[in-house]
Amino acid sequence: MLTLTLLLYLSFITTVFSKKVIYEAENGKLDGVSKYNELQGYSGTGYVGRFESAGNSVTVTVEVSQTGMYDMSIIYCGNMGQKINSLKINGKNSGDITFPENSSFEELNIGAVYLNSGENTVSLVASWGWIWIDALVVNDTPNVAKDVSPHINPTLVNPKAIPAAKKLYDFLRSNYGKRILSGQVGGAGQAGDEGQEIQRIQKATGKLPAVWNMDFIFESNDCTWRPENPDITEMAINWWKKYQGKGIMAAQWHWNIAGKTGDFAFYKKDTTFSIDNAVTEGTWEYEKIIKDIDRVAGHIKKLQAVNMPLIWRPLHENDGDWFWWGNNPKSCAKLWKILYERMVNYHGLNNLIWLWNGKNDANTPVDYIDIIGVDIYANDHGPQTTAYNTHFDFYGGKKMVVLSENGRIPDIQQCVDQNAWWGYFQTWNSEFILQDSYHTDAQLKEYFTHKTVMNMDELPSFNVNSYEYQSGNNNNNSSNNNNNNNSSECFSIPLGYPCCKGNTVVYTDNDGDWGVENNEWCGIGNSSSAVVCWSEALGYPCCVSSSDVYYTDNDGEWGVENGDWCGII
């Protein structure tokens, strides 16, 4: 992707209107761009363009009387199509800006930016170039700092959310605007993998990230290869039990479809799969996505069976055109609603917190979204304030905004200073966390031990059986864990789980036999009468009388009773 640095050093102020100060681009220092005056509607004596080659730039210096957040806008013409450009303030990345296609010069509000008292360099960094810039407009009076927490929606969009999901959402909401949670993405298809990424963080900082991210990348039906045991769900359950519910798990789904060459793929260039057809009932594409959703839902049911909430990020980065579900706002919003309806209302998955990571426009399914995610891979540790404000303001301050993916961790102190309250950051795996070119040990220690950052050791347990939403109170120190420990003593008590009243085994590990009661794991004492009912962990009952096998998969043999699947034991 062509990256053009448009370093705007405008040498002087040309016009002052009320509180708005206009900096004419054509009066700046130009490098590789030219002045033009053919288009109508520009201010001053012209405009600059077209930013065709790397290194092209126009430079402006903005001077303000006091440090603070200043509203800024750019007057541009985008008659060469929609372009995405980035903004730099004093050499630090502040975020990406989408310039919609238009036919004449318009003023685009890009939100508030942090400026120091005195001179500041403002840089417009174009990812795509090919745009006309007329002027930069800055308010000469700083804004009052935003109070981000009071207006966040107090409840999840799913009214049937399980107590564990409610508690997690309340915890995130009560800390929003006060703390930033640390996060890390594991290897592809991994869940809670304490591999090289976690080892690097722990060695450099002595901390474990609060949020861990997994990927259902290999769980579509078209995948012809999957990792060997343990599977992703088993890994997640082991992680949940190891930390006794004190971690936060997030997940995306690189949704693989049959590719052009007979393999599977999620990139648009590698498949002919049509999202428009996929959201149209009666098509084979529609039937295909329903089967895929059902398969992934089966995995998430296992997480719900152990009372694990999940921050769920399907259809991620849908504002781009690289994935087959991307750059099609209407159909993508429709697919999102299909996912929600199928998972929540059909499969009864009430452990999900729905994170939207994509395009913000009139099509955005706002009523089906809990949290907003932004993915940013910057070439420095800037706070990405403009990107934060753009997303926060679009939702009227009612939804938390997080860095659902980042390359470099933003400078935490700058985030605090500039009121860029990312709910959490979540660094991508491999070189992004392992190589010093992205993060040195000193930087990792600085960020993970910053007083604003919350790591795993500060989390409460989210494994609860009952919970009511709080009115913005910080529940950081509250347990709310209503496990029934009055049952007869068994191996699970020291692990933080109650004893089962019954004897139906749904899972066995080195600790012993586990059952599920009241949507929570419980330990089964040694009993020769234990009944192994593996299907309950998948959300299906055991067969009572039927022994006819209708279907066999990796989980076991399935029968049918009362019009529903049941597990044969």
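The backbone N, Cα and C atoms fix where each Cβ goes, glycine too.
As given in Swiss-Prot:
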SIGNAL    1-18  signal peptide
DOMAIN    21-139  domain 'CBM6'
DOMAIN    163-457  domain 'GH26'
BINDING   W284, W322, Y377  substrate binding site
ACT_SITE  E317  active site, proton donor
ACT_SITE  E405  active site, nucleophile
DOMAIN    489-525  domain 'CBM10 1'
DOMAIN    532-569  domain 'CBM10 2'
Largest inter-residue Cα distance among W284, W322, Y377 [record-listed substrate binders, Å]: 36
Number of other Cβ atoms within 10 Å of the Cβ of W322 (substrate binding site) across all protein chains: 11
Pairwise Cα distance for Y377 (substrate binding site)/E405 (active site, nucleophile) [Å, integer]: 8
Average model confidence [pLDDT] within the domain 'GH26' (163-457): 94
DSSP state at W284 (substrate binding site), helix/strand/coil: helix
The residue listed as 'active site, nucleophile': tally of other CB atoms within 10 A of its CB: 23
Top Cα neighbour of E405 (active site, nucleophile) in the set of recorded positions W284, E317, W322: E317
Spatial neighbours, same chain, of W284 (substrate binding site) - Cβ under 8 Å, 6+ residues apart: N277
For the domain 'CBM6' (21-139), residues assigned helix / strand / coil by DSSP: 3 helix, 72 strand, 44 coil
Cβ neighbours within the same chain of the residue listed as 'active site, proton donor' - under 8 Å, at least six residues apart: F323, G326, N357, G358, D375
Number of Cβ atoms other than its own within 10 Å, given for Y377 (substrate binding site): 12
